[in-house]
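Colleague: Take this structure, written in structure tokens, and hold onto it; I'll ask about it next.
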Number of protein chains: 2
Amino acid sequence: MELWFSEVQTPHVKFSVRVDRQLYSGKSEFQRIDVFESPEFGRMLVLDGYIMLTEKDEFIYHEMMTHIPMAVHPSVKNVLVIGAGDGGIIRELTKYPEIAHIDMVEIDEQVVEVCRKYLPQTACRLDDPRVEIHYEDGLRFVRSRENQYDLIIVDSTDPFGPGEGLFTREFYGNCNKALKEDGIMINQHESPFYDEDAISCQRMHKRIVESFPISKVYHAHIPTYPSGHWLFGFASKKYHPLRDLNDIAWNMRGISCRYYTTTLHKGAFYLPYYVEEMLENVE
Amino acid sequence: MELWFSEVQTPHVKFSVRVDRQLYSGKSEFQRIDVFESPEFGRMLVLDGYIMLTEKDEFIYHEMMTHIPMAVHPSVKNVLVIGAGDGGIIRELTKYPEIAHIDMVEIDEQVVEVCRKYLPQTACRLDDPRVEIHYEDGLRFVRSRENQYDLIIVDSTDPFGPGEGLFTREFYGNCNKALKEDGIMINQHESPFYDEDAISCQRMHKRIVESFPISKVYHAHIPTYPSGHWLFGFASKKYHPLRDLNDIAWNMRGISCRYYTTTLHKGAFYLPYYVEEMLENVE
């Protein structure tokens, strides 16, 4: 039997993956949720028709969202994670014994339930005693927080649908307020390549630049995301992602990664000229 | 009308592009040649069903193959380019006035004719007086050359079909012999991500390591190639791609690029851990 899942990456580009079986299909209050088993990528989580993660390449996204700030900030104790219902960011964060508490704010409880059942590879650390899950709107949650977190990781879906509020100026301002005076905010920053994604990218960067004194963008290769070229934002009140990188300390921890290294960390901030130009145009 | 071109990237993954028109379709002695006009990528050259280049992202591949060695080697006068019938590498090389002569060896004359007619964006400098085109097998051409070139760029197709000979130990050994004592060889090095490509990648790296004292791999984001994560090989008798990078001299030239910068040059050699490991396993 031929069974193919296709993601419409742009109106003119489709990415198709052969599927063995659909393991789950449901509709929550917020979105359609599907889980597929595929020979190339293992299990895949799909929200509203968009691939959120696959077992084969999720390590790239989750390592790059987590270890980049952890190798820069000298002492992370309190973390806020917004979105991230699949648990991948939590799995990486719980590798650090010095982290005392993680607030995870996911709007859609059904995503967490589905991931616990079908995606143990990412959901495996959601029961860590340091993790407190809040089923709430991240935008609302962060409004009431002040001077509380060392690190905020915004693992949002795309800038349309249920994640839309996580791309507003108000949200970034509230994240700034919720961070301590040396806090860092990391967010997934879309792709620079296709026109529509590039526009989101510029809009986000403009808003973050207006909300934080230090705002840098870094990139990684994520094969199952549109164009495979994905950006992340590093916004900070004090630490610079390269000047304050403590590679010796990070390497002494002995955390094993498959994508991240402290050398790659540096290269991740060296962007192609067309991306630099796109970002500078809104700075 | 819906007209889609699909590339079978692996037996389980397809990448599909909406097409306005098929501008050319023909069969040469060596391969099937197609040119499509597409709304997302502009014109696309497809050989035996595989995308060789698109007008939207060819700059990435051609800049990364050309400017990386040109920013390292202090004095490139004689260049050999193997493959490259589309002219993209030639376009980048002819930006350097100090290059005196370029031998371009393309096995398939029909590819050059088709690109001249349908892809002027890349073929635009094929008539530069410094360029001498040889319609020959690259493997055979390089056998008879000795101590002649400062730079060899191997812009091959994939390690099957007409380009197969350009991935053999014999070929790399002959390239070494054809280079002067401080020469550099650059080759397209496939992708590390999908299993089959990763195996080709390892095999090539092993053979190049055995043929050259310095052999490093670098990467770039090329959205229309499988996985978007593409590798290149930098093999050299003398110069190191980072220690011998002369960024001041290169930037003084004022060559305008859209992907390459001398900062990105450094980051391009900082590879993900899984890629480093894959390469080290065969060193």
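Glycine too: its Cβ is placed from the backbone N, Cα and C atoms.
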Colleague: Given that TrEMBL lists B:GLU106, B:ASP137, B:GLY138, B:PRO162 as binding S-methyl-5'-thioadenosine, which residue among B:GLN31, B:GLN188, B:GLN202 does it place in the same site?
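Modeller: Checking B:GLN31, B:GLN188, B:GLN202 against TrEMBL: the S-methyl-5'-thioadenosine site match is B:GLN31.
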Colleague: Going by TrEMBL, B:HIS62, B:ASP155, B:SER156, B:THR157, B:ASP158 bind spermidine; tell me which of B:ASP86, B:ASP182 is listed for that site too.
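Modeller: Among B:ASP86, B:ASP182, only B:ASP86 appears alongside B:HIS62, B:ASP155, B:SER156, B:THR157, B:ASP158 as spermidine-binding in TrEMBL.
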Colleague: Could you state, as a whole number of Å, the largest distance between Cα atoms of any two of B:GLN31, B:GLU106, B:ASP137, B:GLY138, B:PRO162, the listed S-methyl-5'-thioadenosine binders?
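Modeller: This binding site's residues have a maximal Cα-Cα distance of 16 Å.
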Colleague: Do you know the mean pLDDT across the domain 'PABS' (B:2-237)?
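Modeller: Averaged over the domain 'PABS' (B:2-237), the predicted model reaches a pLDDT of 96.
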Colleague: What's the CA-CA gap between B:GLU106 (S-methyl-5'-thioadenosine binding site) and B:SER156 (spermidine binding site) in angstrom, rounded?
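Modeller: Just about 9 Å between their Cα atoms.
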Colleague: May I ask for the distance between B:ASP158 (spermidine binding site) and B:GLN31 (S-methyl-5'-thioadenosine binding site), taken between their Cα atoms and rounded to an integer number of Å?
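Modeller: It is 12 Å, counting Cα to Cα.
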Colleague: For a quick check of understanding: given the listed spermidine-binding residues B:HIS62, B:ASP86, B:ASP155, B:SER156, B:THR157, B:ASP158, what is the maximum Cα-Cα distance in angstrom, as an integer?
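Modeller: Taking every pair of listed residues, the largest Cα separation comes to 16 Å.
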Colleague: Using the alpha carbons only, what distance in Å do you get between B:HIS62 (spermidine binding site) and B:GLY138 (S-methyl-5'-thioadenosine binding site) once rounded?
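Modeller: Answer for this pair: 19 Å between alpha carbons.
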Colleague: Please report the number of other Cβ atoms within 10 Å of the Cβ of B:ASP155 (spermidine binding site).
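Modeller: I count 26 other Cβ atoms within 10 Å of it.
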